[in-house]
Amino acid sequence: MEKQIVGEKAAQFVKDGMVIGLGTGSTVFYTIQKLGLLVKQGLSIKGIPTSFQTERLAKENGIPLANFHEIEQIDIAIDGADEVNPELDLIKGGGGALLREKIIARAARTFIVVADTSKMVDRLGTFQLPVEVIPFGYEMTEKHIRSLGSDLHIRIVNGQAFKTDNGNYIFDCNFPNITNPKQLEQDLNMIPGVVENGLFVGMADIVITLDIEKNIVIKKSKQSV
Ligand SMILES: O=C(CO)[C@H](O)[C@H](O)COP(=O)(O)O
């Protein structure tokens, strides 16, 4: 229910003619459903999906899609998160789509995050940080990530190593109490074999969540106000 409330609220930011980055997950699912309804009522938008799963969902909901070469810019990207701290830094990638999500969030003029109350934390790190690595030499990449102080495991789904839409593996990394997310984001991305990690630092412009009385709260980042 919380996911539906915040997910649908994000659709209010979408205006006629916009190009929208469509995130991945069970919260933004409601945004996409709502946008599908608005499209049926005449709203004209184009979507850029962050995963094959979202591409299917957008098509099922009648949202026209575009490729990068067809657009000038992304007006708004809307996506979920696994954790959000008071600075609106995020951990993302629980669904394994973090690389495409970060490319699209970075390209968007405004990045809106939809997050139920369970996602709001004082400090990032309770949720294991997803790190996408290429399969070649992943055993070495694992050692380098461990040397940054993390225990980790390769993500397994249905008894097999999970492969992202980009054909890569995910390491779920235990970095409890991330005190300097920006530094950790950079340190991880300096490791050869790491393609991207799930820390989204200073990227969210708006976070839509709820307060303890379940009223909608719209938090704005410093850079967006
Ligand atoms: O980063 C993500 C997928 O890679 C999702 O946005 C994140 O996992 C939140 O998902 P949900 O809305 O299902 O809780």
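Heads up, the Cβ atoms here are built off N, Cα and C, so glycines get one too.
Just so you know, TrEMBL annotations are computer predictions that nobody has curated.
Copied over from TrEMBL:
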BINDING   Thr24, Gly25, Ser26, Thr27, Asp79, Gly80, Ala81, Asp82, Lys92, Gly93, Gly94, Gly95, Lys119  substrate binding site
ACT_SITE  Glu101  active site, proton acceptor
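Positions of TrEMBL features highlighted on the structure.
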| residue | record | Cβ contacts under 8 Å, 6 or more apart |
| --- | --- | --- |
| Thr24 | substrate binding site | Pro49, Thr50, Ser51, Gln53, Thr54, Asp79, Gly80, Gly95, Ala97, Arg100, Glu101 |
| Ser26 | substrate binding site | Lys3, Gly80 |
| Ala81 | substrate binding site | Leu90, Ile91, Lys92, Val113, Val114, Ala115, Lys119, Phe200, Ala204, Val207 |
| Gly94 | substrate binding site | Gly25, Asp82, Phe127, Pro130 |
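Highlighted in sequence order, Gly23, Val28 have their Cβ within 8 Å of the centre of the Cβ atoms of Thr24, Gly25, Ser26, Thr27, Asp79, Gly80, Ala81, Asp82, Lys92, Gly93, Gly94, Gly95, Lys119, the residues recorded for substrate, and are not part of that set. The binding-site residues considered are Lys92, Lys119; of these, Lys119 has the fewest other C-beta atoms within 10 angstroms of its C-beta.
In this structure, Thr24, Ser26, Lys92 are the binding-site residues from Thr24, Ser26, Lys92, Lys119 whose C-beta falls under 6 Å of some atom of ligand 1. A helical conformation is recorded for Lys119 (substrate binding site) in the three-state DSSP classification. Comment: substrate site residues Thr24, Gly25, Ser26, Thr27, Asp79, Gly80, Ala81, Asp82, Lys92, Gly93, Gly94, Gly95, Lys119; largest CA to CA distance 15 Å, whole number. Thr24 (substrate binding site) falls outside any helix or strand according to DSSP and counts as coil.
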